[in-house]
């Protein structure tokens, strides 16, 4: 940019930001990057930007060599996948329990507190198809009689994986 009356290029430098989500200096110099923000924690941020002139001001100019401006950043909410606080559950039971026996209940947490969303549960992996999950409350029960001698048992352990998904857009899903 040309300085009025001199034709010389003006240089501004020493930009300073202040606020809870202030950008961090990045490379190359002069660029800034923002840290991740979460709508559920803060819906907006107010930053103060201060810039100072690196070149001396022309004689007779009665202005400060620095200036500040306020910036408000509004955060847009995006759908986040539900998650299981306890990522892994170990359930011990004897073989031969009757079909319909309740084993445990998974309870997913949807971080989108301000979106009225429903969490639904489903199976991702159940190799022997021995288990049933209630789609609305996450309750796991037996769908067949479990057999310890089955090919699906490894080291006395049967593994199954379940999902939680919300009805937000775009849909989010998480697995334990």
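Positions of Cβ are set from backbone N, Cα and C atoms, glycine also.
Residues or ranges marked as domain 'Cadherin' by TrEMBL: 37-84 (among others). Residues in the domain 'Cadherin' (37-84) partition by DSSP class (helix H, G, I; strand E, B; coil) as 0 helix, 20 strand, 28 coil.
When averaged over the domain 'Cadherin' (85-171), pLDDT in the model lands at 90. Per TrEMBL, the feature domain 'Cadherin' maps to 85-171 (among others).
As annotated by TrEMBL, region 'Disordered' applies to 1-29.
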